[in-house]
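Quick one: the structure is below, questions incoming.
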Amino acid sequence: MARKVSIGRKVGFTALAWTLGCLMFFPIFWMMLTGFKTEVGAIASPPQFFFTPTLESYKDVIEQSNYMRFVMNSIIIAGGSTLLALVVAIPSAWSMAFSPTKHTKDVLMWMLSTKMMPPVGVLVPLYLMLQYFGLLDTRTGLVIIMMLINLPIIIWMLFTYFKEIPSEILEASRMDGAVLWKEIVYVLLPMALPGIASTLLLNLILAWNESFWTLNLTASNAATLTQFISSFSSPQGLFFAKLSAASTMAIGPIMVLGWFSQKQLVTGLTFGAVK
Amino acid sequence: MGNIVLEKVNKCFGDVEVIPSVDLDIKDGEFVVFVGPSGCGKSTLLRLIAGLEDLTGGKIIIDGVDVSDSTPAKRELAMVFQSYALYPHMTVRKNIAFPLKMAGMDQAEIDKKVEAAAKSLNLTDYLERTPGLLSGGQRQRVAIGRAIVRSPSAFLFDEPLSNLDAALRVNMRIEITDLHKELKTTMIYVTHDQVEAMTMADRIVVLQAGDVEQFGSPLDLYNKPVNRFVAGFIGSPKMNFATGKDAEEFNAHEIGFRPEHMTVSTTEGRWKGVVSVAEHLGADTFLHVKTENAGTFVTRSDGELNINYGDTVYVSPNTDKIYRFGADGLSL
């Protein structure tokens with residue numbers, strides 16, 4: 001029997017959810033608002049809620065830097081690394097989910113453990129390796145690094161989704177004459193599509209917002225939107241209005257993507273939680 | 001053709017040996033049922049034949065060709081799974097067409113075969129639906145359609161009816177038996193339901209702990225069980241057993257007598273006892289009689305018998321229908 005919830009409790013929970021939601025969104029809202037202020041207005045005390053909006057900061061930001069180049073780098077690095085990671089992760093997760101050995105769990109834990117190490121611990125060796133191969137400040141170098149950084153999470157997520165697929169269905173396809181690649185393409189992938197889509201979206205977001213590696217391994221050629229934002233935090237002083245305008249422009253594309261794919265993301269992330 | 005020979009087939013999962021050594025010769029066109037208690041290795045044996053599990057030792061020969069190391073696809077067998085294992089993202093048409101598509105058949109030929117299979121299984125109206133929109137019986141029919149469409153050399157059924165309700169199970173049992181008569185293709189059928197085994201099989205393989213206890217026709221197993229296990233496993237309700245003086249009288253370590261080979265009387269008989277359970281099924285009456293010193297026996301009488309819980313009765317076995325067993329459990 002479903003538990004009865006009184007109207008008072010419903011109102012209370014709704015109010016609490018909205019309050020928490022607003023609190024979490026407020027910094028982003030404030031940043032967006034600041035982008036439409038003048039530099040003086042941005043640092044005014046007390047803070048200004050009502051002001052005459054201006055596009056001056058946006059104009060300055062676009063004039064001072066090549067925004068589209070940063071966007072393209074972000075798209076290529078985030079998109080490329082996610083796609084490349086999926087190509088590696090799908091067969092890996094398949095083998096661990098449907099053909100496990102006694103060491104599969106150890107391998108999974110080992111992969112996860114690489115995420116527990118602070119990234120700065122491997123910065124120098126990775127920097128030197130990229131330098132040796134001539135991949136510093138290149139999109140290729142960043143795509144490879146970002147793919148490797150996110151690979152453990154992608155494999156873990158796909159492994160969890162694949163485990164939910166009854167192995168009998170894959171066995172049926174084998175009995176029906178499907179060789180391995182056909183089994184993956186015709187049966188596994190269509191069935192795991194919601195999981196794969198949410199993995200792709202989540203990793204796209206993670207790679208898009210990643211700043212440690214992009215700031216340390218790029219300078220200009222492969223610089224992404226995180227580099228674009230940080231370029232407005234200069235030694236001459238903080239220009240809050242420009243910084244806010246740049247940040248809004250940087251997170252804009254991924255926010256739009258997230259907004260339209262939120263249903264997919266939530267479905268994918270809670271996949272298998274309730275049978 | 002569908003002659004399947006198993007030679008010293010052995011299977012271990014790690015250190016656990018689930019099938020010590022099995023030898024079987026299944027003739028072309030035969031309907032063979034693997035039956036046994038849970039965990040006896042019957043499904044594992046079927047999966048070994050299918051190629052879904054690797055052999056640890058021994059050989060599997062299909063139509064004279066050693067397929068021990070072949071992939072499932074190369075064995076030319078079709079399998080119907082307990083959970084149906086339909087492709088949930090494909091329509092019924094695509095499900096049935098899948099093995100033909102994998103075989104690289106041209107689309108016109110695929111359509112023709114799918115239509116024919118759907119017609120024979122009454123699925124024509126459901127071809128454009130996905131499996132999620134079908135009932136259990138219809139899903140099972142789609143699974144069978146997917147198996148028959150490619151004309152395999154043998155069909156493997158892994159407890160295909162266990163997810164269906166009782167009435168549907170009887171219908172599907174008859175449909176599968178009819179299908180066998182029509183196609184005359186070898187069928188290997190795994191079940192734990194001995195009614196299915198007795199009614200469908202040409203020959204039954206009784207398995208226990210991975211060993212073949214007996215391989216024979218249903219009536220052979222019923223009338224001439226080779227040991228106590230087969231005697232106790234085949235027949236419903238189960239055979240009654242007695243030891244001690246009752247067995248010695250028949251020069252045996254243990255004797256067995258089936259519920260249908262016992263007489264019940266309110267006045268006289270071999271063992272006196274009290275009815276602990278009375279099951280009146282209409283056509284039959286099953287009595288569980290707790291005797292004074294020989295244990296509890298189950299009897300099967302006609303449905304008109306007016307004996308109820310708590311009544312004192314006398315039960316006697318039909319002496320010419322007694323099975324005798326030695327101390328090693330083998331039939332004497």
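Cβ coordinates are placed from backbone N, Cα and C, and glycine is handled just like the others.
Copying in the features that TrEMBL gives for the protein in this structure:
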- A:12-33: transmembrane segment (TRANSMEM)
- A:71-261: domain 'ABC transmembrane type-1' (DOMAIN)
- A:75-95: transmembrane segment (TRANSMEM)
- A:107-130: transmembrane segment (TRANSMEM)
- A:142-162: transmembrane segment (TRANSMEM)
- A:183-208: transmembrane segment (TRANSMEM)
- A:239-260: transmembrane segment (TRANSMEM)
Apart from its near flanks, which chain residues at least 6 from the ends of the transmembrane segment (A:75-95) lie with a Cβ under 8 angstroms of it?
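Contacts with the transmembrane segment (A:75-95): 139, 142-147, 150-151, 154-155, 158-159, 161-162, 184, 188-189, 196, 199-200, 203-204, 207-208, 210, 214, 222, 224, 253.
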Can you work out which residues elsewhere in the same chain, 6+ from the ends of the transmembrane segment (A:142-162), have a Cβ less than 8 Å from its Cβ atoms?
76-78, 80-82, 84-86, 88-90, 92-94, 96-98, 108, 111-112, 114-115, 119, 126, 130, 135, 188, 192, 194-196, 198-199, 202-203, 206-207, 210, 213-214, 217-218, 222, 224, 268, 271-272
What parts of the chain pack near the transmembrane segment (A:12-33), using Cβ distances under 8 Å and only residues at least 6 beyond its ends?
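For the transmembrane segment (A:12-33), the list is 49, 244, 247-248, 251.
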Where else in the chain does the transmembrane segment (A:107-130) make close Cβ contacts, counting only residues six or more beyond its ends and a cut-off under 8 Å?
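Sequence-remote neighbours of the transmembrane segment (A:107-130) are 96, 136, 141, 145, 149, 151-153, 155-156, 159, 212-213, 216-217.
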